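Copied over from Swiss-Prot:
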BINDING   113, 117, 310  Fe cation binding site
BINDING   135, 136, 137, 138, 139, 169, 182, 186, 282  substrate binding site
């Protein structure tokens, strides 16, 4: 069975195609992605209207490329992200998916974007057991309890302000490093001293870890602290080491991300920690997560770099799992939801 997935929740237009075997084995046969990142760079962040227009322009070329890679003219099922994400961006992808499904006469599945990030784990390893997923990107920073791919997830914690990726972008802007901030901060941090400056770790005090925000994050404080450090240096005429600032900022972020994720694994008895989202490509996050997982006897699963960022393959993957388990299609009348809850893997009505 050939399952096609469309991703358009933010600034990537992705079409992925999976060959789903009768035993549930999934093989990637098509994967095409177009990004509008360069169009957003001069604004220092994603502009929803620009993202929506870019999806419109890219959808057909990306679709043709993925189908050509797979060597098929039409799939047996079509899936699309219907939430969470940017309203206009979601509408473009979901509308295209439903139009293709209607034209091809195949069922449509409206799936959860976050479930897609979890589903990629089954593409590159054994079936995911009871796990904790740490999803980190420019739009999301969440700790989720996962029983299995395609099943309702439970949110244990999330950011109360900026997402981690958003904090990277804002700090990069403060330092004049451009957009997106994640890759350049990570690169410069590798040459800096991560102990040079002690930036705050949000919601990591003893009282926080005992209370309702045990698994929650806050990155506005570290962002503000970096801004004050830079402003103070400018006032005093001091030359700062951008590499040290990047390394110290990054350490503050990944320290709290990994410590809370490991804590969630221990508290829930989960044997696996899964990293997902664009920030999962960060070298220091991977390094520290690996060290802390090894120390805690927890298995770490990290997708390949290409599958960390938004893509259509992850949407095809979660749909394939649902189809294999006998889930009914969504129907063409299903809408989109910018704040779709993680407990909903497949949408039948909104």
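Even glycines carry a Cβ here, placed using N, Cα and C.
On the structure: features taken from Swiss-Prot.
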residue: 113; record: Fe cation binding site; Cβ contacts under 8 Å, 6 or more apart: 7, 9, 81, 83, 84, 85, 310, 315, 340
residue: 117; record: Fe cation binding site; Cβ contacts under 8 Å, 6 or more apart: 133, 135, 276, 277, 314
residue: 137; record: substrate binding site; Cβ contacts under 8 Å, 6 or more apart: 163, 164, 165, 277, 278, 279, 310
residue: 139; record: substrate binding site; Cβ contacts under 8 Å, 6 or more apart: 9, 10, 84, 85, 163, 165, 166
residue: 182; record: substrate binding site; Cβ contacts under 8 Å, 6 or more apart: 138, 165, 168, 169, 172, 278, 279, 281, 282
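Listed in sequence order, the residues 7, 9, 81, 114, 116, 137, 276, 277, 311, 314, 315 complete the 8 Å Cβ shell around the Fe cation site centroid, once 113, 117, 310 themselves are left out. Counting Cβ atoms from all protein chains shown, residue 282 (substrate binding site) has 27 others lying within 10 Å of its own Cβ. Secondary structure at residue 135 (substrate binding site), as computed by DSSP, is strand.
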